[in-house]
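Annotated signal peptide per TrEMBL: 1-20, in sequence order. The feature disulfide bond is assigned by TrEMBL to Cys30-Cys45. The domain 'Cupin type-1' annotation in TrEMBL covers 59-209. Taken from TrEMBL, the feature Mn(2+) binding site applies to His107, His109, Glu114, His155.
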Amino acid sequence: MANMLYFMGFLALSCSLAFASDPSPLQDFCVAAPSGNVFVNGQFCKDPKLVTENDFFFTGLDKPGNTANPLGSKVTPVNVAQIPGLNTLGISAARIDFAPYGINPPHIHHRGTEILTVLEGTLYVGFVTSNTENRLVTKVLQKGDVFVFPQGLIHFQRNAGYGNAVAIAALSSQNPGVITVANSVFGTKPPIADDVLAKAFQVDKSVVDRLQSQFWMDN
């Protein structure tokens, strides 16, 4: 009986680790194909005979993103939506451009860990640990520095230099997802009841109403 309980515990732990990220592919590749009106967890596989080199290709990551927006930053994603061949491979990337003092606002990747490399400039970056500690972990990064943002934790980047900054991020999911904190709280449609947010943030409802009336953009 004790051995059986040990085995079941080991099996449960193994399964939890196995399903902690995107599932491993069961063939050489599974290029994403349009699924029509059918929804699945991931993407359907394209007929391998119809796969071409362009299914594994993306161009343009050398070009700066347009940072002329209120956030002063632009994210150029390279995930399964841009490269169908990433389907089932559990990896994606993004380029992030920053104008002087620009920010990539607090957000979450709920399906992937991020590893960020600074190509140009200086970035102040950080993440926040989960409840109840809520500890802020920060670092100033220079060109060539690398920093990791654990999956599911709120994190951010800010251009701490006087010129433009550029970073490349790699993520442990073909589709890591993004939840921008400010947008998800104050920019919902329909809006969250202002009395709920007023009590949560311990502010007057007029403050919440003003925040909800603003335009919340994605970068």
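Glycine residues also receive a Cβ, built from the backbone N, Cα and C atoms like all the rest.
Because TrEMBL annotations are produced automatically, they should be read as predictions rather than curated entries.
Structure with TrEMBL features highlighted.
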| residue | record | CB count, 10 Å |
| --- | --- | --- |
| Cys30 | disulfide bond | 21 |
| Cys45 | disulfide bond | 17 |
| His107 | Mn(2+) binding site | 22 |
| His109 | Mn(2+) binding site | 24 |
| Glu114 | Mn(2+) binding site | 22 |
| His155 | Mn(2+) binding site | 22 |
Inter-residue C-alpha distance, Cys30 (disulfide bond) and His109 (Mn(2+) binding site) (nearest angstrom): 23
Near-site residues: Mn(2+), ref His107, His109, Glu114, His155, CB cutoff 8 A to centroid: Ile108, Phe127, Phe149, Leu153, Ile154, Pro176, Val178
Cα separation, Cys45 (disulfide bond) to His109 (Mn(2+) binding site) (Å, whole number): 25
Rounded Cα separation (Å) that holds between His107 (Mn(2+) binding site) and Cys45 (disulfide bond): 31
Rounded to the nearest Å - Cα separation of Glu114 (Mn(2+) binding site) and Cys45 (disulfide bond): 26
